[in-house]
């Protein structure tokens, strides 16, 4: 039997008390969304109940959430709930079941908007920045190879100083020219990296000063739900954003600070999720602010905030 209601419905006719929630836009961060059904609270003995609960997902991770009570119902406090939502990259129309095991520990099953059950984390805990490391290792390898060739050339010249011919001289000159060319290419690569880094560091300041820019951008007026996660306009997603979940770096408008935020790809609405609520808090975003996002690199943005 399933009891009617918007959120926090109780599921009966099973061994352990349980309830479920469907994540909706209008109540995403409200106490109603975080409500614990009264019938479930009553079904748990006084010995097991406490002022906190543990939410555990199938892959073993868990979150501790404090419980409060208003005059009508018990609910999960927003700090613990928001951490659970952000860490799992949860979004609209996703379906969650909460099954009580013992001592206010709940097993949580997450179903995506298309009905697929999540059996492993949506986001990896760390991302190795292999691309930058590989480029550094490649450059290092070039210099090592050049050094080895110079040593071989030096040994060859000293061993056969009395047997130089026009042909061997021509070969060494050609080899030196190739070594010099490789050195120049390595130096050119290093200078190019420095120019790109300087460009990234100055883009935010240029946009703040009002200079023209051809980088892709979009604007959003901050709503209440945007303080928890930020949905990206579909047109901008289709034209400019990655097709899979990525870690983004978002820069302060004046270059003072940067934040790492998870960009989560979803069939319903791709969005900034894990790390976004922290950015919104530290940047001082409030409802009504207008934010302009500039895509300065494939996974980097600069955000400019206009206060109402």
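Using N, Cα and C of the backbone, Cβ positions are placed for all residues, glycine too.
Just so you know, TrEMBL annotations never went through curation; they're auto-generated.
Range with TrEMBL annotation region 'Disordered', chosen from 106-156, 157-207, is 157-207.
Confidence in the domain 'TF-B3' (19-114), given as mean pLDDT, stands at 84.
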